[in-house]
Ligand SMILES: Nc1nc2c(ncn2[C@@H]2O[C@H](COP(=O)(O)OP(=O)(O)OP(=O)(O)O)[C@@H](O)[C@H]2O)c(=O)[nH]1
Ligand SMILES: [Mg+2]
């Protein structure tokens with residue numbers, strides 16, 4: 001009997017066991033104002049090349065790969081991932097993008113389709129662990145983790161067949177790895193709604209339908225091409241067998257989108273099937289975080305008539321997807337305030353102590369939705385967060401700093417953030433036997449503090 005392939009659930013692993021959408025309302029994260037961006041492959045290299053171990057890498061016999069252990073993730077491989085801001089026209093996407101990036105790059109204006117060309121910005125991802133490390137080392141340079149966000153044009157009903165900015169818009173969505181879907185739930189007669197009135201459920205249905213229709217068209221085309229080339233397939237050659245399997249998988253994807261009426265990321269797939277899906281770069285395979293744009297008043301009182309219905313819609317259609325209420329109007333006011341003024345504002349509004357902005361929480365949710373984690377390199381020169389995908393092995397994680405670290409990887413000296421916090425200094429962590437030497441098979445954990453050793 002052939003070995004059974006593991007079933008891989010697409011989308012966020014952390015949500016795979018949660019069947020209900022969660023409203024992430026409080027407490028908001030403190031957002032960092034770090035704007036510094038030190039180019040990769042420079043500073044981190046210096047801080048981790050204290051001593052290079054020469055010729056110490058003894059060749060181990062290659063281990064047997066166990067395919068069942070390695071779950072293949074949906075989407076593009078790699079760490080350099082992007083999240084796109086998607087939604088109907090005039091719902092506040094560019095205004096949100098501007099507050100998030102603290103720029104005026106996004107074309108925010110009170111008419112539909114103000115945005116045409118996508119704009120991109122790198123947003124620092126808040127992390128109290130990073131702040132603590134900076135306090136400890138007081139480094140010359142501080143580089144937090146970043147999330148790349150893209151402001152995309154508005155999508156309208158019929159976009160999949162070319163209405164509005166139709167296909168241009170959808171190609172921009174295809175180019176990102178995850179989606180922030182802005183849903184308008186604020187009333188303002190001054191702000192035109194392309195559908196005539198405010199109805200977030202209808203709007204969510206429109207976006208969902210358009211993304212699915214485009215995927216169906218894409219998958220049908222792929223299937224047609226595969227079937228055309230499969231007329232002379234035999235049953236003996238491995239290549240022919242693989243081709244047949246691919247056709248069966250594409251048929252299953254089409255069934256998921258049509259008969260099962262599901263986004264592709266909500267299906268259950270084997271690793272082989274995920275490989276086929278990834279080759280198709282489908283829109284509904286990308287993780288979605290729903291961002292509900294409320295009036296400032298509704299955000300402050302944590303009440304809006306649409307919110308429970310929106311949650312119900314997500315539970316029914318895309319269970320497990322995150323839902324974050326926020327207010328672009330409030331964020332626009334907060335963006336020009338100092339940290340102190342923000343704290344005062346929170347008190348004035350009756351919000352929980354701390355930064356009243358939801359942007360930190362949103363950035364973190366986007367980062368997590370892409371299965372991104374970070375490890376740190378730290379010292380008096382620099383404290384820096386390095387973004388990797390969950391499940392990345394030590395050599396590849398080191399390679400994010402410099403390809404030499406991966407190619408000539410010897411080992412990593414690694415301590416957990418919690419251990420450093422508990423023991424206070426690197427020396428004490430070491431004395432407690434908590435500084436670990438890790439080899440190539442080690443899977444880097446979120447919050448690890450790493451020091452890589454590479455050979456000549
Ligand atoms: N009252 C109110 N107006 C808002 C809010 N968010 C955005 N707006 C206004 O809505 C209008 C459209 O905002 P944009 O940010 O350009 O919307 P968009 O979704 O990027 O629009 P397109 O690029 O055309 O798809 C602007 O006049 C904003 O000032 C909000 O929370 N409350
Ligand atoms: Mg816009």
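Using N, Cα and C of the backbone, Cβ positions are placed for all residues, glycine too.
The feature region 'Disordered' is assigned by TrEMBL to 48-68.
Residues annotated as compositional bias 'Basic residues' in TrEMBL: 53-64.
Residues belonging to the domain 'OBG-type G' (81-346) score a mean pLDDT of 90 in the model. The annotation domain 'OBG-type G' is assigned in TrEMBL to 81-346.
Summarising the annotation, TrEMBL assigns ATP binding site to 90, 91, 92, 93, 94, 95, 294. Secondary structure at residue 92 (ATP binding site), taken from DSSP and collapsed to helix, strand or coil, is coil.
The domain 'TGS' annotation in TrEMBL covers 371-454.
Figure note: comparing Cβ neighbours within 10 Å for the binding-site residues 90, 94, 95, the maximum is reached by 94. Taking a Cβ cut-off of under 6 Å from any atom of ligand 1, the binding-site residues 91, 92, 93, 294 reduce to 91, 92, 93.
Checked against ligand 2, the binding-site residues 90, 91, 95, 294 give no residue with a Cβ less than 6 Å away from one of its atoms.
Neighbours of residue 294 (ATP binding site), defined as other CB atoms within 10 A of its CB across all chains, total 26. Residues 90, 91, 92, 93, 94, 95, 294, recorded as binding ATP, reach a greatest CA to CA spacing of 15 Å.
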